[in-house]
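Taking it in order: structure first as structure tokens, then the write-up.
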Amino acid sequence: MALFGAMMVITSKNPVYSVLWLILTFFSISGHYILLNAQFLAIVNIIVYAGAIMVLFLFVIMLMNLNHTAEPKKNRWVKLAGVVAGGCLLLVLVAALKDTEIKQQTAEVATGGIGLIKNLGKELFSTYVVPFEISSILFLSAMVGAVLIGKKD
Amino acid sequence: MNALILSAVLGVIMMFSGILLKQKSAVRGVAITGLAALLLVNILELRGIHFFKIDVAGMMYFDRFALLFISIALFATLVYFILSAKDMEKVGADYAEYFALIFFIICGIILVASFKSLLILFLGIEIISIPLYILTGADKRNLKGNEGSLKYFLMGAFSTGLMLMGIALIYGAAGTFDVEKMKFAIETPAVLPVTGMLLLLFSMSFKVSAAPFHFWTPDVYDGAPTVFTSFMATVVKAAVFIGFIRLFDETFGTFQVKWQMWLAVIAAVTLFIGNITAVFQQSVKRMLAYSSIAQAGFMLLAVYAMNTSAKEGILLYAAAYSLATIGIFSVLNKLNDYTFEGFNGLAKQQPVVAGALTIFLLSLAGIPLTAGFLAKFFMLKSVIDTGTGLWLVIFAVLMAAVSVYYYFRVIQAMYFKEGKADITVTGRFKWALVTIAALIIILGTFPNILINWLYF
């Protein structure tokens, strides 16, 4: 279903449909995460990507008001070059994945408890509590900055 | 740890003081007092007095090197506040918020100087960068400032992405963020850590504006309000260098052969581009931007050499370079004309200011008896101590000779050209300048008063 959704994203003529198919893809990827026992990642994936970022995408596309006439004509050589470049990337990725040592460990589906929210929270508030608190300074300074920039003179 | 917590608290205090205090001089007083307290608390920690007992799970380590650097950075910031805090009023209406952002940056500086975990390094670099993007664009009516801010933000975000990718790859290879626990094989380093190391090298080079990654520097330093350029080009840059050194010493120390050549080339190119381009500048502010690139090239020699004299030298370099550059920028703030002609006849009008300025420029050029000379000397000595890279030393000396040309152009304009420099300074400002000039000469004659703090 993820593959089907991804294919539909690039084959749809209308960009709005593409975004909708992309949402479907994200949901099915979240399904994969749940199968891998990573609940937290699955939920965050839906909230952040399917929720927030896709809404932004839709807004931008609707504001830009894309239609068929606006699409620039590409010549055949550009398309060919795109196919060759994409194919090369695929080749490199497959070759790299083939050689990794992680292959033996992938059988650990639905057994490891590392992705459960309970364990994540324990780690976050015991070992990683200092970086967690420090990141609050980061967000505070970002907020001050946003107000400073956005304020009227 | 003392200074880290206090600086975060002070940032919040500054935000509230913007609402509670009506007068700008009161806000300035709070900021200067706060910073002095910060410096005091940090020196107390250097002497072994800790106020907070916090289990950091080995992610930060406040050794003498880190604490001494933090003290130098805080002292330079204090000098900067005393000299230039008044000029921040000209930038915009949000006076207290600028101080708050600077205190947050200090927080990031402390993190970068004391990290033991790549997670903390990343957080520190981000806490430094984000307020800087904002301070660059603080003058909202200035188009050049807006351009510089946007450019800095986009390029900075990109380099942060590279850095994160590098950290992720290293995590994939080592299984930990902890610098101490990383054990990379020396003979045959695997693909993952080497790729991660290169990505980190590139992103750190961007942050210190080393040569092939320096294109943002002149535009940002030129576009930003001069008061904030002064802070960006000195304290922040030195802090990122300390992070750079720690990262490559502790994390990648085992395969030094892999990156040493890369660093030598980056240092040489940085020295060349920085110095040669600075010669052709007409504006002193832009010249100082290029000169900061050139000085970064010198500081990179310490990362290349990575031995005891490199570590002592980088501390001295940070102090000498920060103090001198802050002094020059504070005078530049008072002038309306930023070209070389703006300095014409300054010596006749303000002999004290011109005299102090001359000492700062001599120190940057590396003339003996000033702190800048000894700092450069330590850098070159550290490279010679490694036994390799003699060509780099010769090249660096050659480039230092080129740098004399553009620093002396300012001195020539002040003393030997007729004109009317448009400047008014208070008596207190003059005293502060003279004190810093004296400090630079004292550091240049007795560097041990600084370096001995590392060992006692």
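Counting begins at 1 with the first residue displayed.
Cβ from N, Cα, C; glycine included.
Automatic, uncurated: that is what TrEMBL annotation is.
Record features (TrEMBL):
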- B:25-44: transmembrane segment (TRANSMEM)
- B:65-83: transmembrane segment (TRANSMEM)
- B:95-113: transmembrane segment (TRANSMEM)
- B:117-396: domain 'NADH:quinone oxidoreductase/Mrp antiporter transmembrane' (DOMAIN)
- B:118-138: transmembrane segment (TRANSMEM)
- B:184-206: transmembrane segment (TRANSMEM)
- B:226-248: transmembrane segment (TRANSMEM)
- B:260-281: transmembrane segment (TRANSMEM)
- B:287-307: transmembrane segment (TRANSMEM)
- B:314-332: transmembrane segment (TRANSMEM)
- B:352-378: transmembrane segment (TRANSMEM)
- B:390-408: transmembrane segment (TRANSMEM)
- B:428-455: transmembrane segment (TRANSMEM)
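The transmembrane segment (B:428-455) is not in contact with the transmembrane segment (B:260-281), judged by fewer than 3 CB-CB distances under 8 Å for residue pairs 6 or more apart in sequence. Counting Cβ pairs closer than 8 Å to the transmembrane segment (B:118-138), the top stretch among B:25-44, B:65-83, B:226-248, B:314-332 is B:226-248. Listed as Cβ neighbours of the transmembrane segment (B:95-113) (distance under 8 Å, sequence separation of 6 or more from its ends, same chain) are residues 3-4, 7-8, 10-12, 14-15, 17-18, 21, 24, 27-28, 31, 34, 38, 60, 66, 69-70, 73-74, 77, 85, 88-89, 120-121, 123-129, 131-132, 134-135, 138, 228, 231, 235-236, 239-240, 242-243, 246. Residues 2-3, 6-7, 10, 13-14, 17-18, 51, 67, 70-71, 74-75, 77-78, 81-82, 85-86, 95-96, 99, 103, 106 of the same chain, all 6+ positions outside the transmembrane segment (B:25-44), place their C-beta atoms under 8 angstroms from a C-beta of that stretch.
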